[in-house]
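Quick notes on the structure that follows.
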Amino acid sequence: MSVKKINLLDLDRKGLRALFSEMGEKPFRADQLMKWVYHFGVTDFEEMNNINKVLRTKLAAKCEIVAPEIASFQKSNDGTIKFAINVGQGQEVETVYIPEEDRATLCVSSQVGCALECTFCSTGQQGFNRNLTVSEIIGQVWRVSQFLGFHKDTGDRPISNVVMMGMGEPLLNLANVIPAMDIMLDDFGFSLSKRRVTLSTSGVVPALDKLGDAIDVALAVSIHAPNDELRDVLVPVNKKYPLQEFLAGIRRYLEKSNANRGRVTVEYVMLDHINDSTDQAHELAILMKDTPCKINLIPFNPYPGSPYGRSSNSRIDRFSKVLMEHGLTVIVRKTRGDDIDAACGQLAGDIRDRTKRLAKKQMQQNQISVTME
């Protein structure tokens, strides 16, 4: 029976240094290896010519460097690319590359599915299977970098920003998300600025406190409603961590963070005649008055079976103007990749749902149909 090899993509620099120490090697070997993997895209130990032959042989016997494969991809008319990433056992997660004039952002998944059941999000309706490993999270960045033209000779990289806004709730997978983000920030990893790595959360407050103690990255928060009554429906985790508790956690995070420059990004999906009235805009402004923030209004992106519609441009404009009258900074997000279901809230992947959510929903729909007949 062969011994399972250690995937070195599962280890941040601290973990790699511990591994090399166990092998009787100097800690700086971890720095050398990371530079080969993340700066030059090399996964074959034999190509690492500043590591001696004996150590290369030891590494090959005990370790491997394996990123998940791209199963397929689609390119939008606006240049956005959606990747289906094979994470094994017949399952796929989705990763989205969004090129712009001044940046190139990769939207990364943290879980196979999602347990939070936000009612406006396609991923939330697919159910949940498992957390992604460190290698499956950082491997999305590595694999897409290779696909886009990672230059081994110069070390030039095509990704300037990473957002943990793909499938899953990152704060429910902190044990793997934090080391993955460490690699993104590490000078020997992807060497991204802490202001260019963003984690988005729906509000798992105890984990948000742990995040603030462990790492400093930009924070985006999914609010989506100006009061608990509506947010309980749209974002069910609100029943456990209501808005005032969430906002207090956000303020605690901001006190620890330099990456956010003192304010958080508030994400607010615009649902037609659900959360987009001028009264609700006033209510949102009052809610956020003690929390330094900028508001990102997100036009809803419909998906098959969605119960909601997108707010009209005129309703979004009115909502935005009310917020600005209260002195808030407001950005209306430009929709990208919606023609290939790669926009915010549309990611689904291929999930074997351990929660049986889709099956339960179908059963409920069948029962309703029988009753109506």
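Cβ coordinates are placed from backbone N, Cα and C, and glycine is handled just like the others.
According to Swiss-Prot, the protein carries these features:
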type	residues	note
ACT_SITE	GLU94	active site, proton acceptor
ACT_SITE	CYS344	active site, S-methylcysteine intermediate
BINDING	CYS114, CYS118, CYS121	[4Fe-4S] cluster binding site
BINDING	GLY168, GLU169, SER200, SER222, ILE223, HIS224, ASN301	S-adenosyl-L-methionine binding site
DISULFID	CYS107-CYS344	disulfide bond
DOMAIN	100-339	domain 'Radical SAM core'
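The recorded positions close to CYS107 (disulfide bond), defined as a CA atom within 10 A of its CA, are GLU94 out of GLU94, GLY168, GLU169, SER222. Rounded to a whole number, the C-alpha distance linking ASN301 (S-adenosyl-L-methionine binding site) with CYS121 ([4Fe-4S] cluster binding site) is 9 angstrom. Per-site Cβ counts within 10 Å over the binding-site residues SER200, SER222, ASN301 peak at SER222. Confidence annotation: the domain 'Radical SAM core' (100-339) carries a mean pLDDT of 93 in the model. Around CYS118 ([4Fe-4S] cluster binding site), the same-chain residues six or more apart in sequence whose CB sits under 8 Å from its CB are GLY124, SER202, SER222, HIS224, LEU234, VAL235, PRO236, listed in sequence order. The two recorded residues, GLY168 (S-adenosyl-L-methionine binding site) and CYS121 ([4Fe-4S] cluster binding site), have Cα atoms 11 Å apart. Ranking the recorded positions GLU94, CYS114, CYS121 by the distance of their Cα atoms from the Cα of GLU169 (S-adenosyl-L-methionine binding site) places CYS114 first.
HIS224 (S-adenosyl-L-methionine binding site) has a Cβ environment of 25 other Cβ atoms inside 10 Å.
The recorded positions recorded for this entry are GLU94, CYS114, CYS121, and the Cα of CYS121 lies nearest to that of ILE223 (S-adenosyl-L-methionine binding site).
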